[in-house]
Amino acid sequence: MTSARRRKRWAKHLSSIASIAIFCLFPACQSQTQSSESGSNPVPMDVKSEVKPEVKPTAISAKPSGDPEPMLERIPSSPAQLVDLQAIDPRIRLDIRYATTNNFLKQKVYPVSRCLLRWAAAEKLIKAQTELAKQGLGLKVYDCYRPLSVQKQMWQVLPDDRYVANPANGSRHNRASAVDLTLVDRTGKELEMPSGFDDFSQRSHLGYQGGSQAAQKNRRLLVDTMQRHGFLPIQTEWWHFDVKGWQDFPILDIPLDAASLTVDRSKN
Ligand SMILES: [Zn+2]
C-alpha cells in the first residue's frame, strides 16, 4: 500500500472516530470547574444527574499494518471531548489495572478495560507515542479516566489519602485529564522502572536515586518525553501525568462502559 493511500485510509478512520463519545463539550462544561471540588456537594449538577450520552456506534477498522502515524490535523474536535484512546491510536497499549484484580485494591473496579481521555490529553499522548516509536519504544497505559463513583468505591475500600484521592475533592483522573503509564519496547515488554505501578513507597518518587541505572534512565526518558508533549509529572508517582490545563475540565461520572464501538472490518 502506498503511503498516500495509507494516509488517506487513516484520515477516513479518524474522521469517523472523531464522532464518537461526545459526552461533554466545552460550552456545557466550562461553568463547572474548581468549585466542584470543595464543599459537601462535590459533584457538578450536570454530572450528578443521570448522564445518558448519545453515542453512535462508530465504524473503525482493525489495526492497520505498518502502524502509520495518525493524521491528527484531520480530527475536528473540542479539547474537552472524551475519546477512546485505543480507537484513535491502537499503537498505544492498554493494561488497565483497575479492570483486573492486579491492583493495590485487589479488586476489579472497572467494568471494562478502556482508556477514555479528554482530546486535549489524547492528542498529546499520540504525539509522545510517535516520538517514542522512532526509538523502537512505545507507551502502555495503566489508567485514564476514572468515574467519580469509582473514586468513591476506592475510598470505601481504602480511605487513606496517601493512596487514594478523597472523592470530596476528586482526582484528576475523574476529569479525564490524567494518565498513568509506562514505557514498553517493540514487543510490548515493559521497560524497567525504579518501582512497579502503584507502589506507594519512596521508590515511586521522581527523586528516588536507587535502583538500577537502566531504571533511572527509563524513568527520565518517560518524564522528559511526557513533559515535552504538554504533561506535568507529580513528584510521588513516576507513572502519573496531568495534561497542562487539567483545571479546565470538570469532574465526570459517566460510566466507563457508556459507549460501545463497533469494529467494522468491511471498511478495510
Ligand atoms: Zn494517576
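Using the three backbone atoms N, Cα and C, a Cβ is placed for every residue, glycine included.
TrEMBL annotations: computationally assigned, not manually curated.
According to TrEMBL, the protein carries these features:
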| type | residues | note |
| --- | --- | --- |
| SIGNAL | 1-33 | signal peptide |
| COMPBIAS | 32-41 | compositional bias 'Polar residues' |
| REGION | 32-70 | region 'Disordered' |
| SITE | Arg146 | site 'Transition state stabilizer' |
| BINDING | His173, Asp180, His240 | Zn(2+) binding site |
| ACT_SITE | Glu237 | active site, proton donor/acceptor |
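Distribution of TrEMBL features across the structure.
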| residue | record | Cβ within 10 Å |
| --- | --- | --- |
| Arg146 | site 'Transition state stabilizer' | 26 |
| His173 | Zn(2+) binding site | 25 |
| Asp180 | Zn(2+) binding site | 23 |
| Glu237 | active site, proton donor/acceptor | 17 |
| His240 | Zn(2+) binding site | 24 |
Return the member of Arg146, His173, Asp180 nearest to Glu237 (active site, proton donor/acceptor) in space, with distance defined Cα to Cα and candidates limited to these recorded positions. Asp180
Under 6 Å from ligand 1 by Cβ, which recorded positions from Arg146, Asp180, His240? Asp180, His240
Do you see any of the binding-site residues His173, Asp180, His240 whose C-alpha is within 10 Å of Arg146 (site 'Transition state stabilizer'), and which ones? His173
For the recorded Zn(2+) site formed by His173, Asp180, His240, name the remaining residues of the chain with Cβ within 8 Å of the site's Cβ center, in chain order. Tyr142, Asp143, Cys144, Ser171, Arg172, Ala178, Val179, Glu237, Trp239, Phe241
Coarse DSSP state, helix versus strand versus coil, of Arg146 (site 'Transition state stabilizer'): coil
